[in-house]
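Below is one structure, written out as structure tokens; the observations come after it.
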Amino acid sequence: MTKTFTCVYHFLVMNWYIFLNYYIVQQGKKSKVFQSGGQWKYLTILNLLLQAIFFGVACLDDVLKRITGRKNIKFVTAFRDLLFTTLAFPVSTFIFLSFWTIFLYNRELVYPRSADAIFPVWLNHAMHTSIVPLSLLEIVLRPHHYPSRKAGLTLLAAGSLAYISRVLWIYSETGKWVYPVFAKLSPVGLAVFFSLSFVLSAGIYLFGEKLNHWKWGRKDADPRTQVPQEEKTNLKETADPERD
């Protein structure tokens, strides 16, 4: 039952994110919201694509484990874990926290009222709210191997720097900021804002690491001598065919 539920869950969530990406593109064609940088200028929409890719890889991992066995798909599992730990979980949680904090303070700084005519309320919550429960459930359903903190935080920093560079490039080319809040900040204010954003992202990364190790085992467990919780679960399910 556990393996089947997880596989179905990954499949359904993958299709949910694919639908959201498609729906947003169609909505964007009806307005000028994606001018000056296109839809990929928004971190929220980039995250929806990221989540679709991650859950697609997770679904592929589930299917291949049933067909070929764990040893033959180490690369897929490793890529799934790296994608989730360094990007999918930190980015979705960062978007949730930063968006709703600014939105509650002054929504015009991040999501102007004019956007309501393009994106309905349910879509706003699909982009900015439900992303966290789905990521948290992923932690509960499957253990994920975290890289060393240095490697994980370096990859997260690289992703953050890449997006910040794109935001600055779009401004240099169009004279318009991706989010209205940036226009309210001085150059020093922007530097502080981006720095604090990375600090928050790093904190979220460490929080996800703690959650994973709290649920599935100690960080210092040697993978060469310890049987991962996921394998223990799979062995139990194999011994009890009624669970499938």
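Glycine is treated like the rest: Cβ placed from N, Cα and C.
Keep in mind that TrEMBL annotations are predicted by a computer and have not been checked by a curator.
Values in this document were obtained by computation on a predicted structure and should not be read as measured data.
Listed features, source TrEMBL:
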TRANSMEM  7-25  transmembrane segment
TRANSMEM  40-61  transmembrane segment
TRANSMEM  82-105  transmembrane segment
TRANSMEM  117-141  transmembrane segment
TRANSMEM  153-171  transmembrane segment
TRANSMEM  191-208  transmembrane segment
REGION    220-244  region 'Disordered'
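Beyond its flanks by at least six residues, the transmembrane segment (117-141) meets 5-6, 9, 13, 20, 23-24, 27-28, 30-31, 33, 44-45, 47-48, 51, 58, 84, 88-89, 92-93, 95-96, 99-100, 103, 111, 208, 211-212, 215 of its own chain at Cβ-Cβ distances under 8 Å. Here the transmembrane segment (82-105) does not touch the transmembrane segment (7-25). Their Cβ atoms form fewer than 3 pairs under 8 Å, with each pair 6 or more residues apart. Outside the transmembrane segment (7-25) by six or more residues, the chain places 39, 45, 48-49, 51-52, 55-56, 58-59, 62-63, 66, 119, 123, 126-127, 134, 137, 141 with a CB less than 8 A from a CB of the stretch. Sequence-distant contacts of the transmembrane segment (153-171), counting only residues of its own chain at least 6 positions beyond either end whose CB sits under 8 Å from a CB of the stretch, comprise 36-37, 41, 43, 46, 82, 86-87, 90-91, 147, 177-178, 182, 194, 197-198, 201-202, 205.
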